[in-house]
Amino acid sequence: LPQDPMDFEWSYWIEWGRERILWLLAGHLLVSQMSRLLVEKYKPWCLMVYGMAACWLLLGIKGFAVILLHAAISFAVAQFQLSLLTWLCSLILLSTLRIPAVEETKRKWYDTENEYYLLLFTVSVRCLFCTSFSLEYCWHAPTQKSSHSFPWMLAYVFYYPTFHNGPLVNFDEFSKQMRRQEAFSVKTNLSILIVGIIRIFFWWCLAELMIHLMYIHALYSSALPLESASYWALGGLALAQVLFFYVKYLVLYGVPGLLLQMDGLKPPALPCCVSLMHSFTKMWRSFDVGLLRFLVRYIYVPMGGSQSSLLGTLLSTALTFAFVSYWHGGQSYLWYWGAFNWLGVIVENGTKRILSIPLIQDLI
């Protein structure tokens, strides 16, 4: 049966994976296991050099230079140890991805649109990694200077399994786990690898079955079948869409997550099945755990979070969703998406507070 080609993200990453990325990830695995076996002490630097080489190979010298420049600017601004200045720098660097003249210049570097988009996606994700390192640098104690140096920033930014599409791992977690030296067992790692590959292959087959049999994306891309469908059919189509999104990210995050495990790191938990969720809050807490930790640590908690007044909580939540919408591209539909998610979270938390009042509890 013909494949539904309307899900751009799945088609794009599967095509890149088959062509080059899977081979480069296999190379990372080989370098990682050899360095763990022979030179555990120098593992971060071996992986850093490999990540830089892979970046150069895939994005060219100009793409490599852009990412290196972003890292150098972020590190230079972090020297002032002012969180507000660091955030301003990060937002300015992120905004350069949406300047038409800069976009046109970068497009001319590559022969195809797909190559340009790979640079765009990679730099977007690297911006979050640079922000994480810079904020940790602002907060670190003088005794931690050696673990917050520029070489450590490069080891973090050019770590290849999370390079193009995540998942996001905060720098404090990455550096602690990468510096920790553990006993290396080839047998244990081999069993983790085999089980992981079987699971990911099952998820990939399931996703391929869905896009070859269900045509979810083709249906919602055309107005005519949506207008003629019943409300039950529309509800089923919406559920099928989010279920495919869930299975897709089991694959897209499962592959780098497996490599993180092989490197002796603890990856963020994989997305929780959307059929088990009934609230906006749980969806945000358990779908993209890496992004959640970033948002909570660097935006929500510093702005006051749930420990501040009602107005402070509303503001910190609004800023969190505003950043998510802007980072994803900042188009008008993303602002609506962020606003509705913010409203959903606020209504749920407000209802929980009301239901926790003793008088209401007694009435219940």
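A Cβ is built for glycine as well, from the same backbone N, Cα and C atoms used for every other residue.
A TrEMBL annotation is a machine prediction, not a hand-curated record.
Features reported for this protein in TrEMBL:
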type     : residues : note
TRANSMEM : 20-39    : transmembrane segment
TRANSMEM : 46-69    : transmembrane segment
TRANSMEM : 75-95    : transmembrane segment
TRANSMEM : 116-135  : transmembrane segment
TRANSMEM : 150-169  : transmembrane segment
TRANSMEM : 190-211  : transmembrane segment
TRANSMEM : 231-252  : transmembrane segment
TRANSMEM : 310-328  : transmembrane segment
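Contact count against the transmembrane segment (46-69) (Cβ pairs under 8 Å) is highest for 116-135, out of 75-95, 116-135, 231-252. If you look at the transmembrane segment (20-39), the same-chain residues 6 or more away from its ends with a CB under 8 A from one of its CBs are 13, 46-47, 50-51, 54, 57-58, 160-161, 164, 184, 186, 189, 193, 255-256, 259, 262-264.
Long-range Cβ contacts of the transmembrane segment (310-328) within its own chain (Cβ-Cβ under 8 Å, at least 6 residues beyond either end) map to 91, 94, 124, 127-128, 291, 295, 299-300, 303-304, 334-335, 337-339, 341-342, 345-346, 349.
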